[in-house]
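Student: Per Swiss-Prot, the features are:
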- 1-20: signal peptide (SIGNAL)
- 21-237: topological domain 'Extracellular' (TOPO_DOM)
- Cys36-Cys68: disulfide bond (DISULFID)
- Asn63: N-linked glycosylation site (CARBOHYD)
- Cys98-Cys136: disulfide bond (DISULFID)
- Asn145: N-linked glycosylation site (CARBOHYD)
- Asn161: N-linked glycosylation site (CARBOHYD)
- Cys183-Cys195: disulfide bond (DISULFID)
- Cys190-Cys208: disulfide bond (DISULFID)
- Cys202-Cys224: disulfide bond (DISULFID)
- 238-258: transmembrane segment (TRANSMEM)
- 289-305: compositional bias 'Pro residues' (COMPBIAS)
Amino acid sequence: MTKLLIALILFSICWKPYSAEPIASFFDGLDSRNECKARLDRRLTGFSGLLYSHSKYGQEPYNTSRNCVLMLVAPIGYSIRVRALQFDVASTENARTCEKDTLHVFDHETTLDPESYAPARIDDITSPGPIIGQFCGHFENRILNTSSHNALTLWWHSNPNGSNSKGFKLHWGSFRVSKTGNCVTGEFSCGNGECIPIESACDRFADCSNGEDLIHSRQMAANCQNIELDPLTTVSGVFVLLFSATIILSLCGFIMFVCCLCKCLKSTIPIKGASSHTTTTTATDYKPDPPQFYPPSPPKMPPPSAASSYTPRLHHHFEGPLVPSETSAFHSSNRMQNHYSVNSDINGDYTYVRNDVHRNLL
């Protein structure tokens, strides 16, 4: 059970389902479709898209000495809204004037046919309409401008001096304002009177001005197929509560198991210094420990004085013949007494003791 819960958690973290991405284009690209052009002969048509300042956005600063013009055209009946997701363009101290590198926005005064590359009027070639915005500096997630009809023209130019700024990443989308407040089939209602194409509601970018198209429940109600789901935010509160309780109980059970295991291992480990045979000892197996002490040494007697010229010698106490009438017991005791008795010197100067000599020799 614990392994299954861990697998679900890892799956919810690592799982990133496919989400619909708008088509990405570049002001200053490497191929012919994204080539920088200085005239109104390049168009991007559709419901929405992403637009980068240059092909190596995020890797290198934008290119210098660029003069690129690009037209955005939506289906007839829709307007265009441009949002800056990331914007980093070098500017002067007064960012309102944007005297150096600048992105200009022009609003067309007439409706353009998205199916035709020929302009509706010849004047559109040289005059895309009034300028409604110019941008530089640094900001994020900001709506730049909204068109009056179905077309906007963007003009991006950079000076030859160079800059370390990253450039910009724009998202443009189409919408229309419903007079009745209702959207037709194939559209998504933003809830504020705006309607957007259902394809735009199923991506991960805000096409509604209020961001209503990023709510997962609204996307699922619109039958969006390719949406990025977060399991922890799309499930019900009861499921989240049960899932959390299961994780907590599993952790408590694991902690209790570890504690019991440690307790069992501690009880089986023998104590240091304890005897392993405490109940099976017998009298035959018992061996007393040797004593941890030694008997005291005998006292040392002082050596005989060198001042005396007398050298002790062994006297023969039995120089004469023994009396035959003495009993064997008397003879034995007399011999023992003579052997260990104290003998005096003839002169009476020094007493010789056999035991003392033996002790000194030891």
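Glycine residues also receive a Cβ, built from the backbone N, Cα and C atoms like all the rest.
What's the neighbourhood like for each of these?
Tutor: Over the topological domain 'Extracellular' (21-237) the predicted model carries a mean pLDDT of 87.
For Cys36 (disulfide bond), the same-chain residues 6+ apart in sequence whose C-beta sits under 8 angstroms from its C-beta are Phe27, Asp28, Gly29, Arg66, Asn67, Cys68.
Within the same chain, residues at least 6 positions away in sequence whose Cβ sits under 8 Å from that of Asn63 (N-linked glycosylation site) are Asp28, His54, Ser158.
Packing around Asn145 (N-linked glycosylation site) is summarised by its Cβ count: 18 other Cβ atoms lie within 10 angstroms of its Cβ, all protein chains included.
Under the DSSP three-state reduction, Asn161 (N-linked glycosylation site) is assigned to coil, being neither helix nor strand.
The Cβ neighbour count for Cys195 (disulfide bond), using a 10 Å radius over every protein chain in view, is 22. Cys195 (disulfide bond) falls within a strand segment according to DSSP.
In the shown protein chains, 23 other C-beta atoms lie within 10 A of the C-beta of Cys190 (disulfide bond).
In the shown protein chains, 19 other C-beta atoms lie within 10 A of the C-beta of Cys224 (disulfide bond).
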Student: From the disulfide-bonded residues Cys190, Cys202, Cys208, pick the residue whose C-alpha lies nearest to the C-alpha of Asn161 (N-linked glycosylation site).
Tutor: Cys208
Student: Which ones are near Asn145 (N-linked glycosylation site): of the disulfide-bonded residues Cys98, Cys136, Cys183, Cys202, Cys208, Cys224, which have a Cα within 10 Å?
Tutor: none
Student: Out of Cys136, Cys183, Cys190, the disulfide-bonded residues in the record, which is closest to Cys202 (disulfide bond) when you go by Cα distance?
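Tutor: Checking each of Cys136, Cys183, Cys190 against Cys202 (disulfide bond), the shortest Cα distance is to Cys190.
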Student: Compare the C-alpha of Cys136 (disulfide bond) with the C-alpha of each of the disulfide-bonded residues Cys183, Cys195, Cys224, and give the closest one.
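Tutor: In terms of Cα distance, Cys136 (disulfide bond) lies closest to Cys195.
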Student: Using DSSP and collapsing to three states, where does Cys136 (disulfide bond) fall: helix, strand or coil?
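Tutor: It is coil.
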